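Colleague: Just dropping this structure here.
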Amino acid sequence: MGATMTPSRVVAHRMPGFPVIRTALSGLLAMFVGIGVARFSFAPLVPALVKAQWYSASSAFWFATVNLAGYFIGVAAIRAWRGAYPAKPAMVLAMGLTAAATLCCALNWGTAWFGFWRLVSGLTGGVLMVLMASAVVGRAPPASRGRVSGFAFSGMGAGMTFSSLAIPHLLLYGLVFTWAALGALCAGATLIVALIMPPARIEPPQRHAAKGSPPLVVLLLISAYAFSALGFMPHMLFWSSFIAIGLGRGVAAGAVMAAWIGLAATLGPPLLGRAADRFGFLPTLAAGFVVMGGAVAIPLFTDAVPALVVSALCVGAVALGTVMLVAGAIAGMVPPARLSTDWGLAAMTYAITQISAAALLSHLFRLTGSYGILFRFGVGAQALGLLFISLAAWMARR
């Protein structure tokens, strides 16, 4: 089964002139709202929430866990849905609920209230992740799928960058203002999608297509995707702490290094998308794993600032680009009826791996106090992921 086989057409309304810009921009805004703001804006807000005595540090950790649990539920729900539905109203509804959940977080009405809305924002993020792949990535013509996918998935990195740069300034006006501003931003993005997104309809998978396991080549790809989550964890969870505390360079230096990851996460997916259009999704993905494995290993050999910046840039670009590359590869491997099912399985696997890896690495760090062991873990995960990608590429060529 080749990686360019069976162009995915998960929507009924495929127009003669595919509206690339409007479709890709709709996907970008969906990812910006559903993942970039709804998830990545929370970490910079935690110190302010604790300092203002809205919630304790332990409650903040619980809110992050609840958000990830909601994401898992959202992915599982949309993956299991068997009815046809119009993609545009569904995407606008999910984004609108995210905006509402963000606005409700401006009200300090207790742990249960805040936790519920963090759960809702995680759930809608999961729905948007699968829905966007079906309505945007799956709809794009194969020749431009990488470009469309890369632009759309860069919304996650844009949200991460926005959060790291804008939230400290918003917090000067207080937590209520900050949450309200984030909610208003999400509402504005939702309105734009409602105005520009082309009509699309997600058709239900046929019973015989929806049942059974994904093809082996897809399972190999999903396994590699899970290892990429493991490889990203040292930078995602510990990078700022490593710079600020491990190297003794202070909180400001750690924040700057985190911003480099966010910037790369914004620019990486579009660049990798163009590479995928030229060289193929699987070869680009394999090259990305090699680059990211080397980048994760850099702190093991040097603490020079330029080298650490390279590490942050490469990890940010490839880690977020991997999401786009795996989605695009699956879209080219499976028939239309299986796209949302198999991509949903990939997203669920990634979420479970992230949650498990966060707990494992946190426990490992408490036991050893060593940042080096975390980076070695990440390098090993990238190496194993590369092995699974190589097997998938070999099967795809058969």
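Note that the numbers count up from 1, one per residue, in the order the chain is shown.
Just so it is clear, glycine is given a Cβ too, placed from its N, Cα and C backbone atoms.
Feature list, courtesy of TrEMBL:
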type: DOMAIN; residues: 176-398; note: domain 'Major facilitator superfamily (MFS) profile'
type: TRANSMEM; residues: 20-40; note: transmembrane segment
type: TRANSMEM; residues: 60-78; note: transmembrane segment
type: TRANSMEM; residues: 90-110; note: transmembrane segment
type: TRANSMEM; residues: 116-138; note: transmembrane segment
type: TRANSMEM; residues: 150-171; note: transmembrane segment
type: TRANSMEM; residues: 177-196; note: transmembrane segment
type: TRANSMEM; residues: 216-236; note: transmembrane segment
type: TRANSMEM; residues: 242-267; note: transmembrane segment
type: TRANSMEM; residues: 279-301; note: transmembrane segment
type: TRANSMEM; residues: 307-331; note: transmembrane segment
type: TRANSMEM; residues: 343-361; note: transmembrane segment
type: TRANSMEM; residues: 373-396; note: transmembrane segment
Colleague: List, by number or range, the same-chain residues at least 6 past the transmembrane segment (177-196) whose CB is under 8 A from its CB atoms?
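Modeller: Same-chain residues near the transmembrane segment (177-196) but 6 or more away: 22, 25-26, 29-30, 32-33, 37-38, 41, 45, 48, 88, 91-92, 95-96, 98-100, 102-103, 105-106, 167, 170-171.
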Colleague: Return yes if the transmembrane segment (90-110) and the transmembrane segment (150-171) have at least 3 CB pairs under 8 Å (sequence gap of 6 or more), otherwise no.
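Modeller: They are not in contact.
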Colleague: In the same chain, which residue numbers or ranges, 6 or more beyond the ends of the transmembrane segment (242-267), come under 8 angstroms Cβ to Cβ?
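Modeller: Contacts of the transmembrane segment (242-267) (Cβ under 8 Å, skipping residues fewer than 6 from its ends): 40, 154, 156-158, 160-161, 163-165, 235, 299, 303, 308-309, 312-317, 319-320, 371.
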Colleague: Who are the long-range neighbours of the transmembrane segment (343-361) in its own chain, taking Cβ under 8 Å and residues 6 or more past its ends?
Modeller: 65, 68, 71-72, 75-76, 78-79, 126, 129-130, 133-134, 214, 221-222, 225-226, 228-230, 233-234, 237-238, 323, 326-327, 330-331, 374, 377
Colleague: So which of 20-40, 150-171, 216-236 is most in touch with the transmembrane segment (116-138), counting Cβ pairs under 8 Å?
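Modeller: Ranked by Cβ pairs under 8 Å, first place goes to 20-40.
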Colleague: In the same chain, who gets a Cβ under 8 Å from the transmembrane segment (150-171) while lying at least 6 residues past its ends?
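Modeller: Distant contacts of the transmembrane segment (150-171): 23-33, 35-37, 39-41, 43-45, 48, 132, 136-137, 177-178, 181-182, 255, 258-259, 261-274, 276, 316, 320-321, 323-324, 327.
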Colleague: Can we call the transmembrane segment (307-331) and the transmembrane segment (373-396) in contact, meaning three or more C-beta pairs below 8 angstroms at a sequence separation of 6+?
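Modeller: Output no: the transmembrane segment (307-331) is apart from the transmembrane segment (373-396).
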Colleague: Assess whether the transmembrane segment (216-236) lies in contact with the transmembrane segment (20-40), where contact requires at least three Cβ pairs under 8 Å among residues 6 or more apart in sequence.
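Modeller: When sequence-distant Cβ pairs are counted, the transmembrane segment (20-40) does not touch the transmembrane segment (216-236), since fewer than 3 lie under 8 Å.
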Colleague: Let me spell it out: take the transmembrane segment (20-40), skip the flanking residues so only those 6+ beyond its ends count, and list any with a Cβ under 8 Å from a Cβ in it.
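Modeller: Answer is 67, 71, 91, 94-95, 98-99, 101-102, 121-122, 124-125, 127-129, 131-132, 135-137, 139-140, 144, 147-148, 151-160, 162-163, 182, 185-186, 189-190, 192-193, 196-198, 262.
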Colleague: How does the model score the domain 'Major facilitator superfamily (MFS) profile' (176-398) in terms of mean pLDDT?
Modeller: 91
